[in-house]
Amino acid sequence: MGQTTINVVILVSGNGTNMENLVLSLHNKTITQAMRQNGMNLTKNHVCEAVKPLQTSPDAFVINSETTQDSMLAKDPIINVLSIVSNNKDAHALVRAKRLGLHTRAIDSAGKSRQEFDEELLIYLENLEKEHGLDCILLAGFMRILSGEFLAKIQHIRILNIHPSFLPLHKGLHGIEKSYADENDFGGVSVHFVTNELDSGLIILQEKVKKIPNESLEDFTQRIHEVEYRIYPQAFLKAFAQGIHQEIQKES
């Protein structure tokens, strides 16, 4: 059996720094290559460990398995970013993507109803799936809420989102600003699966960002972004390494 591919689409709206980091961390790499680049290890007991400890859920990076490491590596797929899609035709993320040699598509949401935009996006994604296969959609600064009807039609595709707060705190817009202003001594970053309820899907990884007394919002924001760049690729890899393990278990 030949090497398989994990085909990914990234949805963006703005500057595209998270998108660019995801591409540089994941694109054209196998799962194990990407794990090494992103500070993760696949042990003989199938525990994906971060080199530096993270403040995550207790089972973070753990893949319970009695299969051999060779079985996992035999299914080591290549990650392929199929397309960068934006709802804003003027998004700088599209410029970044083109510089990286990636296919881009603008599906402008301006002047369209939510239903009209979702239908146009769905048609594009379904065509990609028919032509190439589509395994995962990553939201990276995508400023649209996908409708329940849209999600129901592509429920077989994993959708991940990154949110700049320690969920369930501060769902929705302005997570960084709300975290900065609250009475907690931390902010945070969370990566979760997308569901019908805003910022409420199963959390894959999250990390607290300790507040520094008298720190400016600008500096706090920068530290939040640094954590985003690190844990979003890790969360993707955790989710798919677990999925590969489950496939092996079904076949064994």
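A Cβ is built for glycine as well, from the same backbone N, Cα and C atoms used for every other residue.
Around the Cβ of H163 (active site, proton donor), a 10 Å sphere holds 24 further Cβ atoms from the protein chains shown. Here TrEMBL flags H163 as active site, proton donor.
DSSP assigns N18 (N(1)-(5-phospho-beta-D-ribosyl)glycinamide binding site) to a helix. TrEMBL lists G16, T17, N18 with the feature N(1)-(5-phospho-beta-D-ribosyl)glycinamide binding site.
Counting only same-chain residues six or more apart in sequence, the Cβ atoms lying under 8 angstroms from the Cβ of L146 ((6R)-10-formyltetrahydrofolate binding site) belong to D118, I159, V194. Summarising the annotation, TrEMBL assigns (6R)-10-formyltetrahydrofolate binding site to R114, M143, R144, I145, L146, N161.
Summarising the annotation, TrEMBL assigns domain 'Formyl transferase N-terminal' to 79-235.
The site 'Raises pKa of active site His' annotation in TrEMBL covers D199. The DSSP secondary structure for D199 (site 'Raises pKa of active site His') is coil. D199 (site 'Raises pKa of active site His') is surrounded by 20 other CB atoms, counting those within 10 A of its CB over all protein chains shown.
Those same-chain residues not listed among G16, T17, N18 yet with C-beta within 8 angstroms of the centroid of the N(1)-(5-phospho-beta-D-ribosyl)glycinamide site C-beta atoms are V12, G14, N15, M19, E20, N21, A93, R96, A140, G141.
Neighbour density at the Cβ, taken as the number of other Cβ atoms within 10 Å, is lowest among the binding-site residues T17, N18, N161 for T17. Within 10 Å of D199 (site 'Raises pKa of active site His'), counting CA to CA, the recorded positions T17, M143, N161, H163 contribute N161, H163.
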